[in-house]
Amino acid sequence: MPDRDTNSSMNSHDDTYKCSLGSDDFILVEEVVSGRKTSTVEAVQGICLCMKQKLCKTVAMKNVRRRVPILNWLPCYTIQDGLGDIMSGVTVGLTVIPQSMAYAGLAGLPPQYGLYGSFLGAFIYTFVGSCKDVPMGPTAIVSLMTYSTLHGYGPEYATLLCFLTGVIQLAMGVCGLGIIIDFVSGPVSSGFTSAVALLIIASQIKDLIGVHGTGSSLWEMMCSLYKDIDTISYGDTVIGVGCIVFLLVLRVIAEVRIGPADPEQQSCVQKYTNKSFWLIGSIRNSIIVISCTIMSYMFISAQDEKFELPYKIIGTIPAGLPEFRLPQFTMQRNNETISFFEIMSTMKSNVVVLPLIGLLENISICKAFANGKTVDATQELLAIGLCNIGNSFVQSFPGSGSFSRSAVNNASGVRTPLGGLYTSILVIVALLFLTPYFYYIPKTCLAAVIITAVVFMVEVRVVKPIYRSKKSDLIPGMFTFFACLFLPLEIGVLFGIGLNLTSILYHAARPKISIQEYKTRAGFKYLMLTPDRCLVFPSADYVRNLVTKHSLKRDMPVVIDCSHVYGADFTAAKVIEMLTKDFSDRGQALFFYNLKPSVVDVFKGVKPKELVFYYNKKELDRLLQKSTEQRYTMLQPLLQTK
């Protein structure tokens, strides 16, 4: 193998530009043989062959198993897996029934639409979902986003929104755009989640105290509540506050443990007691709703027909499963037909933002319960996209994975995604047989369920670690938080993501460059500049100005250490061409150290006047000595004239 130094030459024989290629020991050179031109028929045949190969690769069993995860775990399904899934599915079902009705109210829809969105999507996720802990259905964040999108329009708009959300998520998954979620930083996500939690709490105060409130931003909600504060219902307030207290007490009971901390050292009585405490705390929503429903039924039955209730109830809920049909793409309002495009203009940017929020919520759950495994964001996009499309056929509104129900699912000992099947069955049973009893549920009880579920979503605990780690990360997080509170929700989250991307672009445009003076063993002084990242168009001029400034100030040979430069673009190549020309015109040496072959190819594309680079530090003495001699030769006529 030839020596690396001998392969490095300072000058090229090309008259247009001078270029030192360094070592080419590991550079593959393809010989291009010119032949006849390819005909149109042959080109079409080549395209068809390429498409056929792509299709065969797509339908290969390996990819099918990747996109239909049930094929991986179902063949090895055991009785223990079944018992764990049944237990967790029933437990989650008892949680999702009251939650889904409450979240439907949060979305501005009748309670039954929450139940409609809690069975088919969960069933579909069983086949295509990659995370065993995710129970598909309505969530607090997506429900609030749905409310801000619908602007008070009917359930038909919500069903169409669900369909569009699923289609967009599915299309993003097919195109492999799950990477988009990587551009939402942790502080932005925390700021958004915390703001949404406060907005949800504010939106439920009206039902908690029995007043009529409106608004989508925090300011609008507070102003509306202030105007209606005189109409407060003391019956609703007493029931709602009492439910909140009991729900918080039951939440504490779920965390109570008696006996030794190690389960293996506990007695049978202690184990069963701890499991009972946990189960009571986990199904606390169902316990409260059932208790309030029974008391409400007994109270209403004891009164005559003319008696006016001191609290508001849900009222009649249609019994049975929803009709399976396509969403409506045109609407009738005030004897006027509203076209699909008019509906889209009404929903505005939420049609795009809501699918991303659903994905963000789902991926957060998958990462939290991944136990070190990788999370396939593309597969989750495909899964929740199919679930939302399926839910739109049963007149539901958009949904995603719920963090609170996922925690219950995981703690219940779920083994596979099949737990969602048993949750679906329980919801179907409730729709078929229990809807007459839902009539008596107090609205303030469901408001209490939502408030106690989301109050712990306010991520105050992350502020201190972010401050200790990197204080500047608090800026996009706090900006997102306040923007989501006081602006429309979709605008707030877009502003937060935009600020985060601006920060990323700023760092890309202003790379850190260390500047140091060195002396070789031969006694030659030179200036070493080391950029810490790739050279691309936002940073190219900045680097050029910095190099020019310090090279003129110190008037010595300059070396740019490219060890961290793994890529470049055309703009950077043009800047390097101008830089090498400037140095050549004033007779000052400019060398590039450890320039990657791929970057060399980019720079050579613009044919710079003189591009000199090396890979061995021992070669620097020779290059500096030669540049000194050349500069002396250039200045000698001027010295003789003087």
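Note that Cβ sites are derived from N, Cα and C of the backbone, with glycine treated the same way.
No curator has checked TrEMBL annotations; they are predicted automatically.
According to TrEMBL:
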| type | residues | note |
| --- | --- | --- |
| TRANSMEM | 157-180 | transmembrane segment |
| TRANSMEM | 192-211 | transmembrane segment |
| TRANSMEM | 232-254 | transmembrane segment |
| TRANSMEM | 277-300 | transmembrane segment |
| TRANSMEM | 421-440 | transmembrane segment |
| TRANSMEM | 446-467 | transmembrane segment |
| TRANSMEM | 479-506 | transmembrane segment |
| DOMAIN | 535-604 | domain 'STAS' |
Q: Report the DSSP secondary-structure composition of the domain 'STAS' (535-604) as helix, strand and coil residue counts.
A: 42 helix, 10 strand, 18 coil
Q: Given the cut-off of 8 Å on Cβ pairs that are 6 or more apart in sequence, determine whether the transmembrane segment (192-211) and the transmembrane segment (277-300) share at least 3 such pairs.
A: no
Q.
I need to check the long-range neighbours of the transmembrane segment (157-180): which residues 6 or more away from its ends have a CB within less than 8 Å of a CB in the stretch?
A. 107, 109, 113, 117, 146, 149-150, 327-329, 331, 343, 346-347, 350-352, 354-356, 358-359, 376-382, 384-392, 395-399
Q | Per Cβ pairs under 8 Å, the stretch of 232-254, 277-300, 421-440, 479-506 packing most closely against the transmembrane segment (446-467) | A | 232-254
Q. Sequence-remote contacts (6 or more beyond its ends) of the transmembrane segment (421-440), Cβ cut-off under 8 Å?
A. 85-86, 88-90, 92-94, 96-97, 100-101, 111-112, 115-116, 118-120, 122-123, 126, 135, 293, 296-297, 300, 313-321
(Q) Below 8 angstroms Cβ to Cβ, which residues of this chain, lying six or more residues outside the transmembrane segment (479-506), approach it? (A) 144-145, 148-149, 183-185, 187-188, 191-192, 194-196, 198-199, 216-219, 348-350, 353-354, 357, 472, 538
